[in-house]
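S.K.: What follows is a structure written as structure tokens; I'll ask about it next.
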Amino acid sequence: MNIDGIPTRTLRAHPEQRAIDIIDQTRLPHALHWVRVRTLAEAAHAIRAMQVRGAPLIGATAAYGLAIAVAEDASDPGLAQAIAELGATRPTAVNLHWALARMQALLQPLAPAQRLAAAWQEAEAIAEEDVAQNAAIGQHGLALFRQLQREQGRVLNVMTHCNAGWLATVDWGTALSPVYAAHDAGLPVHVWVSETRPRNQGLLTAWELAQHGVPHTLIADNAAGLLMRSGQVDAVIVGADRIAANGDVANKVGTYLKALACADNAIPFYVAAPRSTLDFACPDGNAIPIEERDGDEFRLVHGLDHHAQPAAVRQLAAEEAVANPAFDVTPAARVSAIITERGVCPASREGLLALYPEESRD
Ligand SMILES: CSC[C@@H](O)[C@@H](O)C(=O)COP(=O)(O)O
């Protein structure tokens, strides 16, 4: 995908320099700033500190992080230590663990001297697959949107939560990929973007949509129910950080409430995610680890000061007790359909296995 001829890729690999460039998302939407990642420690920091974020992008970054680590130390203990360090950065997005497991399966049997070239190649393959899969999600989602828009006969009002656009992936995005496909195909679409407290990933979504010229409106998270009940939402589409084998979906905290409001108002609730987000080894949502993040994300509000410099304002004292779970689980029964690169399926074991029969263990 590109905007005004500029590619929207979030990762630039430099194999000859054993480095990658990433967008520092902690500085968006105020500044678009690229950062060079040269070491294993920098790669782990980029994921932990959410310079890169969004499940598919975390997975691709971890793969490149491992390639960078192999350049530092290609021995068996070096490989094991790098996998452990990267794997400990964030718990919920399964794409991280999926990418590391895929890299490990390839690299472990190789002699250390063969690992470097193979690691870069595999990281590249993971990144390219992500781009292709997200583009395919866009086309499958577009078919659903076309049908809904035909039924409505007016501008299609889609709501999303968090950021599941190109910033959260290597390119295209997951939930936003069908939105971009619809907009590019001339389908009239408007997006309700929920702010997504406390990290405000909705601001990233609004920034992306503005770059692409897609009409959108930011809302406080709590406004979603009112908009649904007053007939101003035709569909909700979100991404996912992990989809369990039974179709339960972990996504940014607040997603579950939107799914409940959708059910109460007969509004379709779609989840868009590539294969790397599906965890067939995880039986249901109860087994998905939910990341608890630093309470200061909640106690401090980040923005710009009068000189347009990044600034934090304290809204709660440091000793104020806060809970800050970053994700929640939407039960499969509340999900209208899952959109993957292979098509659209019901949120159920049978639905997922129909798309991925090779995952059937029977
Ligand atoms: C495309 S990933 C799914 C998203 O909806 C979302 O939950 C997400 O971007 C992950 O959250 P984040 O904590 O910003 O890394």
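One-based numbering along the chain as shown.
Each residue, glycine too, has its Cβ placed from N, Cα and C.
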S.K.: Out of GLN133, GLN139, GLN201, which one does TrEMBL list together with ARG53, GLY54, ALA55, ARG90, ASN251, LYS252 for substrate?
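M.R.: Candidate listed by TrEMBL for the same site: GLN201.
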S.K.: List the residues in the vicinity of the substrate site, defined as same-chain residues other than ARG53, GLY54, ALA55, ARG90, GLN201, ASN251, LYS252 with C-beta within 8 angstroms of the site's C-beta centre.
M.R.: ILE58, ALA93, CYS162, ASN163, ALA164, ALA168, GLY239, ASP241, ALA326, PHE327
S.K.: If the substrate binders are ARG53, GLY54, ALA55, ARG90, GLN201, ASN251, LYS252 per the record, what's the largest distance between their Cα atoms, in Å?
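M.R.: Site span for substrate, by Cα atoms: 17 Å.
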S.K.: Tell me the Cα distance separating ASP241 (active site, proton donor) from ARG90 (substrate binding site), rounded to the nearest angstrom.
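M.R.: The Cα atom of ARG90 (substrate binding site) is 11 Å away from the Cα atom of ASP241 (active site, proton donor).
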S.K.: For a Cβ distance below 6 Å to any atom of ligand 1, name the binding-site residues from GLY54, ARG90, GLN201 that qualify, or say none.
M.R.: GLY54, GLN201
S.K.: At the Cα level, what's the spacing in Å between GLY54 (substrate binding site) and ASP241 (active site, proton donor), rounded?
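M.R.: Pair distance, Cα basis, whole Å: 8 Å.
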S.K.: Once the DSSP letters are reduced so that anything not helix or strand counts as coil, what is GLN201 (substrate binding site)?
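M.R.: In the DSSP reduction, GLN201 (substrate binding site) maps to helix.
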S.K.: If you measure from the CA of CYS162 (site 'Transition state stabilizer') out to 10 Å, which recorded positions from the list ARG53, ALA55, ASP241, ASN251 are inside that radius?
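M.R.: Cα filter at 10 Å returns ASN251.
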